[in-house]
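To start, the structure itself, in structure tokens.
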Amino acid sequence: MLDIQLLRKDLDGVAKRLADRGYTLDVAAFSALEAERRAIQTHTEELQARRNSLSKQIGAMKGKGEDTSAVMAEVSGIGDDMKASEAKLGEIQARLSDLMLGMPNVAHESVPVGKDEADNVEVRRWGTPRQFDFEVKDHVDVGTPLGLDFETGAKLAGARFTMLRGPIARLHRALAQFMIDTHTQQHGYTETYTPYIVNPEILYGTGQLPKFADDMFRVEKGGAENTVTQYLISTSEISLTNTVRESIVDGAALPIKLTAHSPCFRSEAGSYGRDTRGMIRQHQFDKVEMVQVVAPETSYAALDEMVGHAEAILQKLGLPYRVITLCTGDMGFSAAKTFDLEVWLPAQNTYREISSCSNTEAFQARRMQARFRNAQGKPELVHTLNGSGLAVGRTLVAVLENYQNADGSVTVPEVLRPYMGGMERIDAPAQTS
């Protein structure tokens with residue numbers, strides 16, 4: 001959530017910055033609500049001051065033995081007026097809050113202004129795409145003989161679900177374990193196991209609600225009169241980041257660095273017809289997530305560090321990639337700045353997103369009321385960052401395509417072999433007649 005004081009001081013400036021993100025701020029509606037709030041708040045304060053004055057007057061009158069009934073009647077009437085005024089003020093503040101909850105974060109000044117992914121800016125590349133001396137297959141054609149089973153996945157759960165079997169399932173697990181081990185042993189993160197189902201207020205904290213309700217899988221339990229609504233997580237960023245909600249952390253405890261391997265569930269409501277083949281866009285997929293909770297002055301150094309942690313995974317796997325700075329129109333709702341990592345997929349002859357690392361600054365912290373005690377001992381909002389380290393399914397796709405061989409086998413990257421019992425390559429099972 002944006003700082004409402006920022007809007008009160010520079011409404012037109014904030015509206016311009018939000019317009020760069022493709023969001024139209026209803027300046028007139030906000031101004032009208034603010035004017036009404038100020039008027040009611042002023043009236044409430046005047047009533048409070050009048051009641052306080054009359055209360056003192058009653059005390060003085062009683063000391064003199066004078067009749068206070070008329071003044072007490074006025075005080076009683078003021079009390080009724082104050083209750084009505086406070087109720088109206090609460091209603092206005094709730095409407096302001098709803099408006100604020102729908103506003104995205106403002107972009108950091110270093111973010112390129114643009115409309116969509118065409119305006120993103122490439123920062124650097126690593127690795128040279130492999131030159132094949134045979135016809136390259138995509139991950140579906142490579143993986144199906146090795147244990148990718150899209151047919152059974154669809155039969156069990158519908159489109160955009162996949163079954164993994166045998167060595168492909170083991171390779172998928174090996175990737176996740178390798179990522180977690182690297183982040184915990186080399187990058188300083190604490191491994192965390194989180195709930196996969198969370199309460200609605202948790203999603204408000206990290207910004208998925210109210211705007212992206214249609215992208216979430218909702219779980220309801222109980223009868224018609226006592227229904228409890230919860231949601232499957234779309235990323236473990238949600239549960240990891242909310243571990244500091246409604247708390248004041250000792251400044252000496254920062255930075256807090258957490259990582260988790262979890263399934264992620266997304267309805268992909270706006271993705272009809274996109275990436276319908278294979279594992280690129282699934283309703284259920286695994287991801288290793290990185291989250292950092294830091295002091296404001298260190299958050300952009302932490303963002304660079306986090307990008308480096310995601311890059312390290314790709315480099316150790318020997319997968320060519322590029323780093324992209326997202327423009328204002330392509331960033332996620334909560335982000336102030338985002339770097340995407342895109343891995344090379346030879347069958348598509350292009351780079352595809354495999355990690356997204358974002359600094360949300362105080363946007364999520366304000367929604368969660370997550371604070372730390374600064375050097376002066378005063379509570380201050382933390383900054384929160386999140387990043388994929390990496391999306392496991394897409395990393396599997398990249399390994400299958402980049403490490404495929406002419407005979408249909410797949411070479412196991414060296415760093416994964418200890419997790420695969422020393423296996424150097426995955427071969428299709430022999431056909432039986």
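Placed from the backbone N, Cα and C atoms, the Cβ positions cover glycine too.
Feature annotation from Swiss-Prot assigns L-serine binding site to Thr235, Ser236, Glu237, Glu289, Ser388. Sequence-distant neighbours of Ser388 (L-serine binding site) (same chain, 6+ residues apart, CB-CB distance under 8 A): Lys287, Val288, Glu289, Met290, Ala310, Ile354, Ser355, Ser356, Cys357.
The ATP binding site annotation in Swiss-Prot covers Arg266, Ser267, Glu268, Glu353, Ile354, Ser355, Ser356 and rests on sequence analysis. DSSP classifies Ile354 (ATP binding site) as strand under the three-state reduction. Around the Cβ of Ile354 (ATP binding site), a 10 Å sphere holds 26 further Cβ atoms from the protein chains shown.
Packing around Glu237 (L-serine binding site) is summarised by its Cβ count: 31 other Cβ atoms lie within 10 angstroms of its Cβ, all protein chains included. Around the Cβ of Glu268 (ATP binding site), the same chain contributes Arg160, Asp215, Arg281, His283, each under 8 angstroms and 6 or more positions distant in sequence. For the binding-site residues Thr235, Ser236, Glu237, a Cα to Cα distance of within 10 angstroms from Arg266 (ATP binding site) holds for Thr235. Looking only at Cα atoms, Ser267 (ATP binding site) sits nearest to Thr235 among the binding-site residues Thr235, Ser236, Glu237. Minimal Cβ crowding within 10 Å, among the binding-site residues Thr235, Ser236, Ser267, Ser355, Ser356, is found at Ser267. The Cβ neighbour count for Glu289 (L-serine binding site), using a 10 Å radius over every protein chain in view, is 29.
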